[in-house]
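Structure first, then comments.
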2 protein chains.
Amino acid sequence: MSDESSIKVALLGFGTVGSGVYEVIESRQNQLRHLVGHPIEVVAVLVDDISKERKMGSHVFVTDDFQEILALPDLDVVVEAIVGVEPAYTYLSHAIDQGLHVVTANKELFAHKGFELQKRAKDQGVELKFEATVAGGVPIIGALTKLLQVNQVLKIEAILNGTSNYILTKMREEQISLEKALTEAQALGYAEANPTNDIEGYDALYKIMILTELLTGRKVNQNYVRCAGISTISTDDINQANLRHERIKHVGVIEISGEKVFSEVSLLTVSESHKLYSVEGVDNAVLVTGDLIGELVFQGPGAGKYPTASVMVEDLVDIYNPVSKSIKLVTKK
Amino acid sequence: MSDESSIKVALLGFGTVGSGVYEVIESRQNQLRHLVGHPIEVVAVLVDDISKERKMGSHVFVTDDFQEILALPDLDVVVEAIVGVEPAYTYLSHAIDQGLHVVTANKELFAHKGFELQKRAKDQGVELKFEATVAGGVPIIGALTKLLQVNQVLKIEAILNGTSNYILTKMREEQISLEKALTEAQALGYAEANPTNDIEGYDALYKIMILTELLTGRKVNQNYVRCAGISTISTDDINQANLRHERIKHVGVIEISGEKVFSEVSLLTVSESHKLYSVEGVDNAVLVTGDLIGELVFQGPGAGKYPTASVMVEDLVDIYNPVSKSIKLVTKK
């Protein structure tokens, strides 16, 4: 039965990430209550196929009709973990218009419609959180917005696609072809059956678009961002770089100089002194150059059920408790 | 002349870091006003020798008497960048009791008296910010308190002393003795004339004490934290590790398992797969293992005038504007 004072959450999507969010919320009730002052409760889940068996409590309302989610009384937050611009954009627009807070992991949506959604959320006075759209478990959105307010970001160089980074790492380490490395990545669940978004760089492009909008406050047109993938890379290219003690990295770049902004996704050959040289496998990393602070690196898991669920639940808590833990910890004594 | 509505700051200390804070505040007035809604003004500076010539505006009150700082009308914040537990502890205690917010970079003070100062600040309802006490420009305090509220930190491994890391890097790269590497570090301004704190690990120990208190909410007794420095390391040790493709790193460790906490500063031999292997020179890096998110690395400059001033001014802004930049940026359009 639903607690009157609880924060009520609807999940859109119950795949790897959505079910991860559900498990995290269910398994740390005490901690979440301590952090936000109320229980957090998943009251509804939107799925494609309601007949499929899923591991969730019988109190959770499962539906394939988003209107039924919107019609729920006392809903507070929509946590969205589906794929593609539509129907997600329509869903989140309606949720925001109804005064619901939103947490999303949908990078394709946010790259194309994040600007509009943020404006809408601002007009409605609700929170729209999107840490999970960029760099998986690496909290780069939070770092840029909360920890670097005074610094002007001059440059970002980032490994934002764990699949392409894994493939480049394997090609070098095991002297295998891109096709073979891709097959390995697929077998391990690191790459989709259709790997186009990863291999051709679109996934990294979405993330660079999102970061560019965040840093400039201006909408980015995809057509103005050059995007190269790793599909043209041969074992020979890798070996040639290796001979020079260099590595080929698939990197998203943003350069900001006054009003001028340059963004692209491309292949970068780096030597050992470059901060992204040692970022290997499925890790993501964001190298930020601030005008005061110099070079900072934020590195971590680029994807995965719990890392992604983790940043989404952090976003959820941050809606209700944007204060620091330091003060609270001292009182715990 | 002083602006009635401005945020009035007194600097304690005008060495490398203090003068850096002054320069940053003076040079970005417009941006700071935009961020916090008021001008930020350095109205007074506490120095040892008032006869010394310094680059600062004539409106700034310079004194060697802390009581004269406390007696200033309308003071809002004390920014402390001096060294050692006393007189800093007495100064900051009085400042807090008088209702002033505090920003500090003093690691020795905060390691030994941070717990008491935080309690005092909480009782008085003022902010006490200490990002600059740990890992120089790496915003690890902010990351742990603001970005990882839901995650339980299981382990921290961190390179927290740029001097010792620089020396170990140089010993390996140039096959030179510790003494020679230290002399180089001193010539470049990376090491003090008296390098004991860096070489014997006390500087890293202070930072590990501060992080341990932050994570546990309990006061740490220095006597219970084992501390090893790099003074015992020979070129032969470095070469032996090198032959195994390993590197010796000076690492602070915190392990947390339920109520059990283990902290130490020691020498760690790491292979290439370890996330700290590639952290070289004067950089600092903190490898955080969260129970949900896995391994995150935060890396950046371990010291330096502007990196340290940068995190102190970020702290200052955060007192008055703890909200995220994302929403503001969109409205800039």
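Any Cβ shown, glycine's included, is placed from N, Cα and C.
Positions annotated as active site, proton donor by TrEMBL: A:Lys207. DSSP gives A:Lys207 (active site, proton donor) a helix state. Around the Cβ of A:Lys207 (active site, proton donor), a 10 Å sphere holds 26 further Cβ atoms from the protein chains shown.
In the three-state DSSP assignment, the secondary structure recorded for A:Gly18 (NADP(+) binding site) is helix. Listed in sequence order, A:Leu11, A:Leu12, A:Val45, A:Val79, A:Ala81, A:Ile82 are the same-chain residues at least 6 apart in sequence whose CB falls under 8 Å from the CB of A:Gly18 (NADP(+) binding site). Taken from TrEMBL, the feature NADP(+) binding site covers A:Gly13, A:Phe14, A:Gly15, A:Thr16, A:Val17, A:Gly18.
What TrEMBL records for A:Lys107 is NADPH binding site. Proximity of A:Lys107 (NADPH binding site) to non-local residues of its own chain (separation of 6 or more, Cβ distance below 8 Å) is seen for A:Thr133, A:Val134, A:Asp203, A:Tyr206, A:Lys207, A:Ile210, given in sequence order.
Sequence-distant contacts of A:Glu192 (L-homoserine binding site), defined as residues of its own chain at least six apart whose C-beta falls under 8 angstroms from its C-beta, comprise A:Gln186, A:Asp198. The annotation L-homoserine binding site is assigned in TrEMBL to A:Glu192.
DSSP states for the domain 'Aspartate/homoserine dehydrogenase NAD-binding' (A:13-131), grouped as helix (H, G, I), strand (E, B) and coil, give 54 helix, 20 strand, 45 coil. Per TrEMBL, domain 'Aspartate/homoserine dehydrogenase NAD-binding' is recorded for A:13-131.
Taken from TrEMBL, the feature domain 'Homoserine dehydrogenase catalytic' covers A:139-317. Across the domain 'Homoserine dehydrogenase catalytic' (A:139-317), the model assigns an average pLDDT of 96.
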- Message: I need the least crowded one of these binding-site residues (A:Gly13, A:Gly15), counting other C-beta atoms within 10 angstroms of each C-beta.
- Response: A:Gly15
- Item | Shell of the NADP(+) site beyond A:Gly13, A:Phe14, A:Gly15, A:Thr16, A:Val17, A:Gly18, same chain only (C-beta within 8 angstroms of their C-beta centre) | A:Leu11, A:Ser19, A:Gly20, A:Val21, A:Ala81, A:Ile82
- Using DSSP, would you call A:Glu192 (L-homoserine binding site) helix, strand or coil? coil
